Amino acid sequence: MKDLLKFLKAQTKTEEFDAIKIALASPDMIRSWSFGEVKKPETINYRTFKPERDGLFCARIFGPVKDYECLCGKYKRLKHRGVICEKCGVEVTQTKVRRERMGHIELASPTAHIWFLKSLPSRIGLLLDMPLRDIERVLYFESYVVVEGGMTSLERSQILTEEQYLDALEEFGDEFDAKMGAEAIQSLLKNLDLENECETLREELNETNSETKRKKLTKRIKLLEAFIQSGNKPEWMVLTVLPVLPPDLRPLVPLDGGRFATSDLNDLYRRVINRNNRLKRLLDLAAPDIIVRNEKRMLQEAVDALLDNGRRGRAITGSNKRPLKSLADMIKGKQGRFRQNLLGKRVDYSGRSVITVGPYLRLHQCGLPKKMALELFKPFIYGKLELRGLATTIKAAKKMVEREEAVVWDILDEVIREHPVLLNRAPTLHRLGIQAFEPVLIEGKAIQLHPLVCAAYNADFDGDQMAVHVPLTLEAQLEARALMMSTNNILSPASGEPIIVPSQDVVLGLYYMTRDCVNAKGEGMVLTGPKEAERVYRAGLASLHARVKVRITEEVKDGEGNITTNTGLVDTTIGRAILWMIVPRGLPYSLVNQPLGKKAISRMLNTCYRVMGLKPTVIFADQIMYTGFAYAARSGASVGIDDMVIPEKKAGIIAEAEAEVAEIQEQFQSGLVTAGERYNKVIDIWAAANERVAKAMMENLSTETVTNRDGEEEQQVSFNSIFMMADSGARGSAAQIRQLAGMRGLMAKPDGSIIETPITANFREGLNVLQYFISTHGARKGLADTALKTANSGYLTRRLVDVAQDLVVTEDDCGTHDGILMTPVIEGGDVKEPLRERVLGRVTAEDVLKPGTADILVPRNTLLNEKWCDLLEESSVDSIKVRSVVSCETDFGVCANCYGRDLARGHIINKGEAVGVIAAQSIGEPGTQLTMRTFHIGGAASRAAAESSIQVRNKGSLKLFNAKSVTNSAGKLVITSRNTELCLIDEFGRTKESYKVPYGAVLGKGDGETVNGGETVANWDPHTMPVVSEVSGIIRFADMIDGQTITRQTDELTGLSSLVVLDSAERTGSGKDLRPALKIVDAKGDDVLIPGTDMPAQYFLPGKAIVQLDDGVSISAGDTLARIPQESGGTKDITGGLPRVADLFEARRPKEPAILAEVSGIVSFGKETKGKRRLVISPLDGGDAYEEMIPKWRQLNVFEGEVVERGDVISDGPESPHDILRLRGVHAVTRYITNEVQEVYRLQGVKINDKHIEVIVRQMLRKATIESAGSSEFLEGEQVEYARVKVANRKLEQEGKVAATYGRDLLGITKASLATESFISAASFQETTRVLTEAAVAGKRDELRGLKENVIVGRLIPAGTGYAYHQDRIRRRQLNEPAEAPQVSVDEATANLAELLNAGFGGDKK
């Protein structure tokens, strides 16, 4: 027995390892893995089906085919364990060793490993410094390479053709050594002296100046160093021994009908063995060189195909003409080892079925069909049956269950009680796609789902299916109950809003019961309380909507949790009073004393959660649902065609629009407007008409006139069913009702452009054939889009998860004082996102002061919850610096304070929370709701483009930011700076509106003046850019020569003449170098200086500028000297929706990006070339000037002599995030990406917390490029993990050495995922071959820090409940404690024994 226990112990292999290293395998290493050489290509004997000896399935090498039985059958049973049969040479052991024992093939000639040869950049090529083409020619026996030059003029690794080789032989005899084939490459690699080579290259690096050469040298140095450090030998990249995969991993399966299905690998191996054996024979026979060479080449090709079929030349195909699956194909791609078997596996104890509604369930329950439960919980039932003594053996229990005896059902009930199951609906886009429920047994075959969790699962009941999983172990059950129970997931991790919100019928029911109606039955009653209200309603004495007075008792909790009650009569309705009965005590009555739409209900649940906590909220949500369903049924709201009331005004509006269109058509035909303008105007007219029809329709639908008690007429909100459904948010929207009862409006073509003839009919009137045809256009596009969208969205999520997977909260506080400044998002007159929503759940980075005082309002490191946010709003704080993941100082991971609140729980985040994955899911999950299309600015959109004034909406005072201005003769301000912002501040000092003001705008009111709502505060001409004079004086023309640099033009309509500056391309010879400008002089003729500088006021005019003043005219400051027409760039496409989000996260440089100033200084223009201008910026402190060539067609925002700051926009365009990072820093790029991504989601009405985007940005910024190495071991220009630079610099500073300097890099998410430290994670993401090749050559260690690596090696992940386990292991490793030896308990031993004995004795029962 002792031996047996010892044997069982030996079977549990060690799981204690800290890292995984990948390296090149040396021939000795391969031989040490091997259990024997495979000499024959045979697989199994066709008659006996026994494996052939020395073949690919040989039992002697790989192990027995049957458990504990040798091949010839001499030794059977467990007692001969470990014996090697003398007859057939097979060891008697378990057959599963055939999954792990490897063999090998001794190759007759070395062959190069194709990965190191062809995976770019070619490692062999880099190492030998030879072009890949040359190496290939040597390998495939087309030319010779000099291995040893000896005393001759031949260089080492020089390529010789056949003729050159023969000539050299004649000339030098055997002074030199040249070979061909892999042997040649092998000996070249063997002769490399890595250390010396490295030294030489480093010296070269210091001497060289050319950029390309430096790059090449650094690459080679890095590769050489990798070889030196990792202990890999270069010659191992050429194989002399080929390992053979264990046979059970490349099985040969007999099919019925005597045929066999085989793995492609067997074919590939067979091919290698055949060629190898033939080559051996040829060598023994001393065959002619040319034949041997051919055979060697074929062997090389066979090995290539085995390792990576199709990488070189045509892929080898099988009998069915499709390429064979090689070893590389086994691990890469969606069907490869990583993604198919390691990252996701099929699991036992699971089932799936269609789902239906369970409206009577509680929130934590799901209905499980009895049949399914019986199958899923079988082992538990067997155990219980045996325990109770109802069945003597497992077999008997099995029989009972199969017969479905009555007692079995009772046992099932017991087993299921308190045993949660997991329900999952594919696609699982975020963590709420798997939740735990307590099963309730039901008849039938469909799983019943609680309606409120449908939103989280995105489930509906039109045939969706769901899978059930049973957590088996106690720990798993505990986790399911404590963390995954649906009642614990009330808030969405993406936005922190409740995700368990009623929708559809429930909303309709609640809306119906909380509406009031004029002169309803029972109006004016005074009731003692909600109970009486319900009684009068049930008795039919009062209607649900009657306006009554009811005595209501409210309980209010204060900060300390003391409860005060106040009771009083409230004006309300019967329905609201009845609803009040289910509202938890502690919430104010005002929450229900309003018509409840979807938003109001969501707010009510949110308030309930924040005030009352989890349990009351869950009970309340359930009650809301039951009540809602009940009253929706009572309301009897239904839809008939007469409910779609068509407004009378419709015909008139459409006639007016048609008249306008006709007028524009006439203008077009008489040539007053261009085709583009006509198209845009027509679309504008129809869009406006559509809006008017919709408005008339909604006015018509939403109100009705009724007679009240006093007999007077009164307007009240309508009880039209369609309107109620839309108004409550239950189903439908104003846009849809517009199509039913208004007009369908403008339709789009599949390419996104708008068809200019609208559909004037609606669905109630019906469409004619043409209208119907136009409609089908857009509808089909929609369907095609949806399919594309799903795939793209899924891929975006995958990339996001991959880049962020290893980000986990690892400490409580990193102690940084850094953070990002949060301000409300304001666009024009709208506050898109108030400050409180942006800072809620964040931690302050520094003390927040009361505005205008030095009192501390909120101390540093405070988690801003709802109460603090209310305080901030009362004190009207405008901007707050909060901690952010981007500025977190934690090396690997983030700290809790920088992250702030765990949105799904409402308190500060716990250590070990996988914030990276949560962020990725939160951004990716709504991806399918985003549009795929790029918007054309045309029609409705172009109206916004040509704004020419600012009208404020609210009363307040104006404030200008980064503004330079001059006062013109009329006493108004003229803006002379580029990125000016104008904000409107209310009386509390809060920013209400914010506008961009262009250069040359004239302000009606000055800085700090008060304005009223609706006042126009700024005007400008949208179509031209003025040149504004900053000084007063007399104009002098410089270099303005008629016919050379300018021409005169006369306007046909007005008769006024103006000067137009010629573009330098249009000028003749002498005019080329002239630079037309306007100088401003005083009465004496001296130059006037620009105030505050010693520069004369002269304005250089670009081509196409129009001057309407004459030489010698006196002007005053603020006057327009010239106008530059702005070409409208036609209809520019704005990338919207999903592609835009992907572009931002991939950090793609836009086409024609904005040009930003690289340094601060004064702008001037140097010598021009054919198509480009030379922009020169001279720093004010007299440093080196910065020059840049800019294409002529770019419109510049700066004039000569203007002062720009670093990072200012010189030429407009979409900004490149890389430029923003380089010139404005990390915070600016974070702000840019966050705002741009939010912009896309906001358009779709999706709420995502900024945090999640910041988390991804942090991961995009995790690399840095070394600028100067200091005393560190980094190379200049090397890209290193930012955390590693920080750690190294800290160490260097402690030792008093020079730290390395670096610049942060922004990587797109795909690149960032592939550039991670962990090769396992990168290889399982994309480009598996390249990642593994790189890692093997460098001998990389994977420290298994991230989640993915740990999933792949089959451990608990270092996050969530696995976090403690990993922390414990790290602690033990630091204390150098021995890993606990795996203890085998008696139970396990008996279980294993039983398994062994069953295997031994019951083998022949099959």
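Note: Cβ is positioned from N, Cα and C throughout, glycine not excepted.
The model shown is predicted, which means the values in this text are computed figures rather than measured ones.
Cross-referencing Cys814, Cys983 with the Zn(2+) 2 binding residues that Swiss-Prot gives (Cys888, Cys895, Cys898) picks out Cys814. Here Asp460 (Mg(2+) binding site) is positioned 39 angstrom away from Cys895 (Zn(2+) 2 binding site), judged by their C-alpha atoms.
By the criterion of other Cβ atoms within 10 Å of the residue's own Cβ, the least surrounded of the binding-site residues Cys888, Cys895 is Cys895.
Shown are the binding-site residues Cys70, Cys88, Cys814; the one with the most C-beta atoms within 10 angstroms of its own C-beta is Cys70. Calculated from their C-alpha atoms, the gap between Asp464 (Mg(2+) binding site) and Cys85 (Zn(2+) 1 binding site) amounts to 58 Å. For the binding-site residues Cys72, Cys85, Cys898, the largest tally of other C-beta atoms within 10 A is found at Cys898. The binding-site residues considered are Asp460, Asp462, Asp464; of these, Asp462 has the fewest other C-beta atoms within 10 angstroms of its C-beta. When the binding-site residues Cys72, Cys85, Cys88, Asp460 are ranked by how far their Cα is from the Cα of Cys814 (Zn(2+) 2 binding site), Asp460 comes first.
Surrounding the centroid of the Cβ atoms of Cys814, Cys888, Cys895, Cys898, where the record places Zn(2+) 2, the chain contributes additional residues within 8 Å, namely Glu811, Asp813, Thr816, Arg883, Val885, Ser887, Glu889, Thr890, Val894, Ala896, Asn897, Tyr899. Separating the Cα atoms of Cys898 (Zn(2+) 2 binding site) and Asp460 (Mg(2+) binding site) is a whole-number distance of 38 Å. Between the CA atoms of Cys88 (Zn(2+) 1 binding site) and Asp462 (Mg(2+) binding site) there is a gap of 63 Å. Cα to Cα, Asp460 (Mg(2+) binding site) and Cys888 (Zn(2+) 2 binding site) are separated by 41 Å.
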